[in-house]
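**Q** Below is a structure I'd like to ask you about.
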């Protein structure tokens, strides 16, 4: 099989997950990961991953730390057919010209603006329009979840308009010592929050407004949606529309999955890498329909949900797979994605 | 002036605030507070308040603890024209018959059902229908806030329907050692949550649905509303409708009141008793209008918001004041209620 050579620039929350997912793909080869860190973050994987220094300074520091980098970012770019840039917000956009000059394709993350690449990506929504492009941008965790869930209702012809309240996690778990949000809630300073317009970069027709706030917890986002349907519908119809869409998995309060932490613990018990949940977890027994309105509650694992999209974006840009279905089939089976986490179906 | 003799049964989060507020009213006399606690909770006020034991056992325990109770609940009831029952949920309902038999009026709190009293109370909404009744129930903190805010839009003829997401505090601050909710969010197990139907016990005509969850913070609730208006309106009209209603006070993110904790700190700086906020604090700069929709974000101080309502309920049941406006005028001026906490108006 023709393997695509993939380099990952930035070995942080997203980068390390992307690297591991690439290692699981039969049609991709991980040629290296680049970063500037020289501590446990890189030392813990230096024996199993090809490490590159993102800068000349980092190369010196890594060498001093005994990490033996194989080269710098320029050399990683040269070895790669495509670069996944998971460096911090705005750092990534600054790398765009370097990738263009080197003639390498590039996938950016949701921290960058739509304008950086001119294309925003969610596999099930618009894989086709990314086919063969030089660059795309995998939208953020919250936006990905919105496109999956509202897109499912839209595909079923049920969505008229949606209004959502997004309670975001305070900070990422690994950065919690830097200070997060304790014992309070922090509303975003404007309505709509950015996730609504961001989802429209993928599904321009959606009528949606998002209101966001940060909560005093570090793991996963939590969305509460009020959705007006195009017509009165039954609860079964709504559930069927969600079930028909990929990468949405049902959970139930009646199964004891009563809060964000119980789902997180289940992922650990299932042996998921890092306890990740790539699916959007919709509480099936909270799906409530009143006439032409549906109320939805779901959980978004912000560290993990964009990983499958990033893998599919690689296939779209490099034309490794001709359509979303064939790419997603490989991604979902290699990662072990599920359609539900109901007790009757576990493990 | 003819003073009404008021007894408070239950000296907890609500009871102690009610007792202090009664002491500030020119037309009320606090004849005593009853409880079963014998520790710091009672010891800290035994010198300044008339203490009664809620039970015979408690009388013995209080005496052993050196608290010198003046009698038991039966004796407090005998001395009182009206009892404010702030004992725990369901304990209060069990006391109803005792008050009836003794011929004393009684005000219950939102933990009891509407059926317990047949009347639910928010001063500005239905003071008149409580006039001279034997009992009423001051609705819960969240419900009080909903009636105030949605009632204001309804009074202005603007409210068609409202859908709200209520992020509740995990536990009360003083009980935090008993265990609360840490680093997670806990959705309520059904939609609509009980606050919507509860608000309809006061304003039966409201079309509203509430979705609730508990957050990992201990102080104050936080509401996010999507409201459909009866017609397209301007932002100024909506703000004017809220400003016209009592017991709603504006705050602004642009004044640095950026989260629940900043408002809490402001209340402490203003010298409020226990740092209480009796008003609903609406973020004025988050009031967002799109056509016939308005998005509202506000903060509810769960420990304090029902205190003015409870004082007004005393006046309604005992006919101390003939209408809501005259009762609320006394309550609001004695407590020092405000219409806004904008920097330009402080202190």
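Positions of Cβ are set from backbone N, Cα and C atoms, glycine also.
Features from TrEMBL:
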type     : residues    : note
DOMAIN   : B:4-141     : domain 'Glyceraldehyde 3-phosphate dehydrogenase NAD(P) binding'
BINDING  : B:35, B:302 : NAD(+) binding site
ACT_SITE : B:141       : active site, nucleophile
**Q** With DSSP assignments reduced to helix, strand and coil, which class does residue B:302 (NAD(+) binding site) get?
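**A** For residue B:302 (NAD(+) binding site) - judged by DSSP and reduced to three states - the answer is coil.
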**Q** Whole-number Å only: compute the distance from the Cα of residue B:141 (active site, nucleophile) to the Cα of residue B:302 (NAD(+) binding site).
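**A** Given the Cα positions, residue B:141 (active site, nucleophile) is 5 Å from residue B:302 (NAD(+) binding site).
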**Q** If you count the C-beta atoms lying within 10 Å of each candidate's C-beta, which of the binding-site residues B:35, B:302 ends up with the smallest number?
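**A** Candidates: the binding-site residues B:35, B:302. Fewest Cβ atoms within 10 Å: B:302.
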**Q** Test of understanding: give the count of other CB atoms lying within 10 angstroms of the CB of the residue listed as 'active site, nucleophile'.
**A** 26
**Q** Tell me the coarse DSSP state (helix, strand, coil) of residue B:141 (active site, nucleophile).
**A** helix
**Q** Could you give the mean pLDDT over the domain 'Glyceraldehyde 3-phosphate dehydrogenase NAD(P) binding' (B:4-141), rounded to a whole number?
**A** 97
